[in-house]
Every structure is written in structure tokens, then in C-alpha cells.
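Look at Swiss-Prot and you will find 1-19 tagged as compositional bias 'Basic and acidic residues'. Per Swiss-Prot, SUMO cross-link is recorded for LYS7, LYS8, LYS17, LYS18. Positions annotated as ubiquitin cross-link by Swiss-Prot: LYS123. Annotation comment: Swiss-Prot describes LYS7, LYS8, LYS12, LYS17 as N6-acetyllysine, evidence class similarity to another entry. Positions annotated as phosphoserine by Swiss-Prot, on the basis of similarity to another entry: SER11. The region 'Disordered' feature in Swiss-Prot is assigned to 1-37.
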Amino acid sequence: MAPKAEKKPASKAPAEKKPAAKKTASTDSKKRTKTRKETYSSYIYKVLKQTHPDTGISQKAMSIMNSFVNDIFERVASEASKLAAYNKKSTISAREIQTAVRLILPGELAKHAVSEATRTITKYSSAAN
């Protein structure tokens with residue numbers, strides 16, 4: 001058996017292994033996309049301009065209104081979910097939402113909310129056809 005040929009030295013010295021650096025926002029080559037925060041600001045602003053065209057709203061007031069809408073949404077959704085569970089249904093329908101609104105909002109406010117919602121849904125349905 002012939003002796004093994006000696007290996008020729010590599011023309012370039014092998015690169016030294018660098019210790020793995022911890023990835024942080026500053027060293028990461030990819031730019032992090034800013035997470036989108038969903039708010040009701042644009043809708044609140046549109047309603048404000050429909051009712052009071054010459055009135056503005058501060059950032060703090062908009063934040064308060066956004067929190068208010070989120071709170072009411074959570075309350076109605078939670079109550080509607082309970083109502084659906086009581087009736088052994090897995091779907092929240094308009095009836096559950098309407099009943100939840102009547103339970104959560106007091107007196108006249110509930111009546112006005114239900115009538116406005118009914119009117120708006122009727123208007124939306126007729127526009128879609």
C-alpha cells in the first residue's frame with residue numbers, strides 16, 4: 001500500500017470562530033417592525049366631525065374615549081357571551097348583543113342605544129343591497 005499523500009497547507013488561514021453574540025435590537029441586522037396598536041381613534045374622530053364639525057379633540061381626550069369604547073366593548077361582549085352560554089348556544093347573535101346592552105346600560109341610555117343600533121343596521125343592510 002502506498003503511503004498517504006501529505007495534505008497541502010490551505011492557502012488561507014481558517015477564520016477564527018467568534019463567540020456567538022447575543023442578539024439585541026441594536027446589533028440585529030433586521031429592522032424590527034413596530035407592532036400596530038389598534039384603536040378607535042379614527043372612528044371617534046369621524047363621529048366627532050359629523051356631530052360637531054368645528055370641534056377638535058386633544059390626544060389625552062382621544063385616549064380617554066378609546067379606553068371608554070374598549071371598556072364598553074368588553075362589557076357587552078362578556079355579557080353576550082354569558083347569555084349565549086346560558087341558552088346553550090355557541091354563537092353570539094344580534095339578540096344576545098341587544099340583551100347585553102339592555103342589561104349593561106341604564107334606562108333611557110339603553111333604549112336610545114338599541115334604537116340607534118337598529119336604525120344603523122337597517123341603513124347598512126339597505127345600502128348593501
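Cβ coordinates come from backbone N, Cα and C, glycine included.
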Number of Cβ atoms other than its own within 10 Å, given for LYS123 (ubiquitin cross-link): 10
Coarse DSSP state, helix versus strand versus coil, of the residue listed as 'ubiquitin cross-link': helix
